[in-house]
Amino acid sequence: MALFLEGTAASSAMETSNFAHVIFQNVGKSYLPHGALECHYTLTQFIKPHPKDWVGIFKVGWSTARDYYTFLWSPLPDNYTEGTAINRSVVFQGYYVPNDDGEFYQFCYVTHKGEIRGASTPFQFRANSPTEEELLTMEDEGGSDILVVTTKASYLEQKMEQIQQEKKELLENLDLLQKERDELIDEKNRLEKEYEQERESSAQLRKDVQELQLSAQSLQEEREEVKRRMEESTARLLQLEEDLIGVTQKGLQKETELDCLKDRVKKLNLEKEALEGQLKNEKDEKELYKIHLKNRELENTKLSAELQMLKSVDVNKENTIAQLKDELARVKSCLAEKEKQHRQLLANSSPSGESKALREQLRQKEEQLQATQQQANMLKAELRDSSNARDRSMAELYRIRVEAETLKKGQADARAECSRLEQQLEEMKSSTQQEAQCKESDVLAVAELQREVEDLRLRLQMAAEHYKDKYKECQKLQKQVVKFNEQQGVKRSPGSDAAAGPLSASPEASAPGSPSTSDAVLDAIIHGRLKSSSKELDKNDKYRKCKQMLNEERERCSMITDELTKMEVKLREQMKTNESLRMQLAAEEDRYKSQVAEKGRELKELKDSLFVLTKEKEKLEGQLQKSVNREEEQKDSNLDVQSVFLQYPMPYAQDDPSPLLVPQRPTDLLFGNPYSSTDSRDGADGEFSDDQMPRLPPVGPPSWDSNVVCIQPARNLSRPDGLEEPEEPQSTQNDDEPAAPEPAEFLNDGQMPFCFEPTGEQKRCPLCEVIFPPHYDQSKFEEHVESHWKICPMCSEQFPLDCDQQLFEKHVLTHFDSNVLNF
């Protein structure tokens, strides 16, 4: 009750007036936990029923309409009139109601809107406790002295179950007895019918005895005929057995031949697998040889190009050394002349600005001489290195040629091996065709034997059926003879009782023993024939299996032939691919040669353009020197006409401002002599005379910071990382000397001037710490730095000298993966 008060207090927030719209009738205080629960309620006139209204069981203390335990839809009343009260009921099944948990529950009516419009008094679900009148004491059935207290209802239920079990057993026994009675009645009727049949048969037998007596003699004659036929059939059976033995021997012979064929096919398969493996190995070796040959050809091409480049560099350096030697001799002679002039000037005149200029020129000449000597030493060292590199390149080229020859020999051997394998494939093909023909003939022989076996089997079955028919006829005749003899014995017996004894006796006792022996003989013959027929069936099964195996071997041989054909086609395709690759290789070689020729033409064009520019430069220098000479002549004319005693004669004529200090022999210089106004390089230059091409006098030698001393062709190679493009030296000129035109505008093809400036910074190799003079030829400096690296001939990527040679070769080969390795 306290729980009910708490539930009502918890639901005080809702409208209490709504709970009276539905009134629950006859609500008990408790109900059985698993029993059907019927709920009666009355819908007052204050509520309008709806099909979605429902009645639920709520635990006391609920707060919302969702706290239900279970619910049922409220049935909609028929012929409902608004404003009237109506009684309805719902039944909760036992498996939906709560268990005996000691809680209080109540019915609630919930509308389709979720409003609770009625609630019942609380109740519980609990089992009924029995009273003293319903209890009963009884002894234990186990024979002990224990008294068991139970309810009368359970006791009566137990007794009822026992009685029903006994009733069921009695009914089953009754059914069994009724079935036995019906069976006995049926047996009685059957025996009566058999008795009537026996009576009729005995009468019929009496009638038949007379007929049997008449036919006994004819049966005896037929028996003799049957014996004769049996002997003939036995002889025929022996003949069939001999034929079957012969057929069996032929089958065994064919089995041995089939085993031999299987062994031969296995050997051929093994040979085929070995040849396939050998062919695969040859293909792999061939691919490796191709790759190696391609690599060697690439190396050969690269080394040939390097060798040509080194040869050209060697020639250039030799020419440069010869030029420098000539220039050195020329400079020495110029210095001697200058020294003579200087002594004469010192002897004839006082020190003035001209002597200072001459001293400055002398100092510059000395510096120029030192730089020239240093450059000559460096060129000698480079020439020595280039000759060593050329020797190494020649040795490497010879080695590569030897390896190429060995590779060609290996390729020829591989081709010979491929031809040998093709010949073996042809031989295997012909052998498989011969085996297929042999197998076809074997199949025909097996089919012929199978037909013979089928014929023999049919004849054997016909003979067995004939013997079975004759055996049945003999049995019938023997039974008739036995019955006839029994009837004769009955007639001879003195009484009917004595005659009944022989009739009831078995026919074997009256027979003389010949029927039983004949039955045994026939049984033995039939068993033997059945065994022989079973053996024949087994042999036929064996022949069928052999035929199936032969067909399988034929299929395998055809598959092997197809595989050999496919391998031959693949080999031909591989040979075609090799030919196409060879053609591609030849095309690539032609393309490389054309590229090299084109590069040579471009180099020749560049040399020609350089030669033209050098000529133009020399012309400009000659014009400049002429203007300088004119100015000096004007200055000399303005001086005192006082005669000066010269210690040495004047080497220059007064009317010719451009004579040579030293008789000069024209030399074939590749890049021109920077100290001479003309440089005859070939026979075509001989048409220009000294009058047409004036030479510069030695009074105005080019300073180290003014013009180009020596120009070398620059290689079009990428610079190493960390090296910056050096700034071109700014030529400075003295105020008292005339300004000479810059030749850089004529050298815009990647060449850098090599000149030594005393005030400039020296160049230092970042790898070997070798010091180079300032404004050393940038291309040579880059060449020296790049000599510390391995350069890829395809992409110009740089690698350290100590890097793995295999990695370097692998990188070079990656440029040829698309057309060499993927075939």
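Cβ atoms here come from the backbone N, Cα and C positions, even for glycine.
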Here Swiss-Prot annotates zinc finger, and of 141-167, 249-275, 546-572, 762-788 the range meant is 762-788
Of 6-32, 303-329, 789-815, the range Swiss-Prot tags as zinc finger is 789-815
Looking only at the compositional bias 'Basic and acidic residues' (356-368), what are its DSSP counts of helix, strand and coil residues? 13 helix, 0 strand, 0 coil
Top Cα neighbour of CYS795 (Zn(2+) 2 binding site) in the set of binding-site residues CYS765, CYS768, HIS784, HIS788: HIS788
By DSSP, how many residues in the zinc finger (762-788) are helix, how many strand, and how many coil? 9 helix, 4 strand, 14 coil
Averaged over the zinc finger (789-815), the pLDDT of the predicted model comes to 83
Whole-number Å distance between the CA of CYS792 (Zn(2+) 2 binding site) and the CA of CYS768 (Zn(2+) 1 binding site)? 22
Return the residues near CYS768 (Zn(2+) 1 binding site) by Cβ distance under 8 Å, restricted to its own chain and a separation of at least 6 in sequence. HIS788
What does the structure give for the C-alpha distance between HIS815 (Zn(2+) 2 binding site) and HIS784 (Zn(2+) 1 binding site)? Integer Å is fine. 27
HIS811 (Zn(2+) 2 binding site) to HIS784 (Zn(2+) 1 binding site), Cα to Cα, whole Å, comes out at 24
Which residues, in sequence order, are found in the same chain with Cβ within 8 Å of the centroid defined by the Cβ atoms of CYS792, CYS795, HIS811, HIS815 at the Zn(2+) 2 site, excluding those residues themselves? PRO793, MET794, GLU797, VAL812, THR814
